[in-house]
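Data block below; observations after.
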Amino acid sequence: MFEGILPAIITPFYRDSRASLDIEGLQSNIESLLQRGVHGIVPCGSTGESATLTFEEHEQVIGKAVEVVDGRVPVLAGTGSNNTEEAVRLTRSAKDAGADGALIISPYYNKPNRSGLIKHFTKLADLDIPIVLYNVPGRTGQNLQPDLVAELARHPNIVGIKEASGDITQISRIIEETRDEEFSVISGDDAMTLPVLAVGGAGVISVAANVDPGRMVGMYEAFRAGDLARAQVLHYELAPLMRAMFIDTNPIPVKKAVELLGMAAGPVRLPLDELDEAKTEQLRKVLVNHG
């Protein structure tokens, strides 16, 4: 269900005192991505600043994404929380809005034990919406181990994982352990897209695709067509851009890049702060060289 290039979209804000939601800009950005051939849309993830969106803003962003996409590609909505009941509320709302699936980050800060993780993810999967797990140890302080993922994958509604550990050995093991299930392993790091595809992964939930969806889609489609040489060329063309997306905390650089390209972006919300002048110039040079 979820494969290919799926941009983790930014949430554009106005440059007003509240950094209020720019729904028209959101609509424009999504339509632009769809016109460039992306295979899915992922609102309200880390890149979409979900941590600083209110519940009502989550509803607005996901609802608008579903409306604009209009069935052309899947919408995978970020609905995770370290509060299980809040995650249930967000996930139920996304389902009611028409999202095709829910992206559920591993609970952060409170570091649940194994049985707590199983109960948390199972409670969400029992809402009868396809669930994609999200493993990002650098943000959560906890790594979803391959054997745990394999156990969760036996639930019929747990259909994949966004894997952002950066560990190709672990990613390969998850693919190996879930081969008997209808389960997609999706890279959570742009730079790992081609390696993950090579070991049997399904695609990437991408930051860089906000900036250059065309080349990201081209790399994926070249690989799927068996043209590894072309996929490698595009991988290395994209590499400087991929690195530039992490010269500061995500999504600070990608929002600035999108703004520099003339699309809707606006500020990041506190406690994140905007890119400083030196890094902005560094990013500008990468964009100019990228072409």
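Backbone N, Cα and C atoms are what each Cβ position is placed from, and that goes for glycine too.
Note that the structure is predicted; figures quoted are calculated from it, not measured.
Taken verbatim from Swiss-Prot:
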SITE      Ser46  site 'Part of a proton relay during catalysis'
BINDING   Thr47, Ile205  pyruvate binding site
SITE      Tyr109  site 'Part of a proton relay during catalysis'
ACT_SITE  Tyr134  active site, proton donor/acceptor
ACT_SITE  Lys162  active site, schiff-base intermediate with substrate
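Shown on the structure are the features that Swiss-Prot records.
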| residue | record | Cβ contacts under 8 Å, 6 or more apart |
| --- | --- | --- |
| Ser46 | site 'Part of a proton relay during catalysis' | Ala8, Gly78, Ile105, Val136, Arg139, Asn250, Pro251 |
| Thr47 | pyruvate binding site | Ala8, Ile9, Ile10, Val207, Asn210, Asn250, Pro251, Val254 |
| Tyr109 | site 'Part of a proton relay during catalysis' | Asn82, Thr140, Gly141 |
| Tyr134 | active site, proton donor/acceptor | Gly45, Gly78, Gly80, Leu103, Ile104, Ile105, Ser106, Ile161, Lys162, Ala164, Gly188 |
| Ile205 | pyruvate binding site | Leu6, Pro7, Ala8, Val42, Gly45, Leu76, Leu103, Lys162, Ile186, Ser187, Gly188 |
What's the number of neighbouring CB atoms sitting within 10 A of the CB on Lys162 (active site, schiff-base intermediate with substrate)? 27
Should Ser46 (site 'Part of a proton relay during catalysis') be counted as helix, strand, or coil on the basis of DSSP? coil
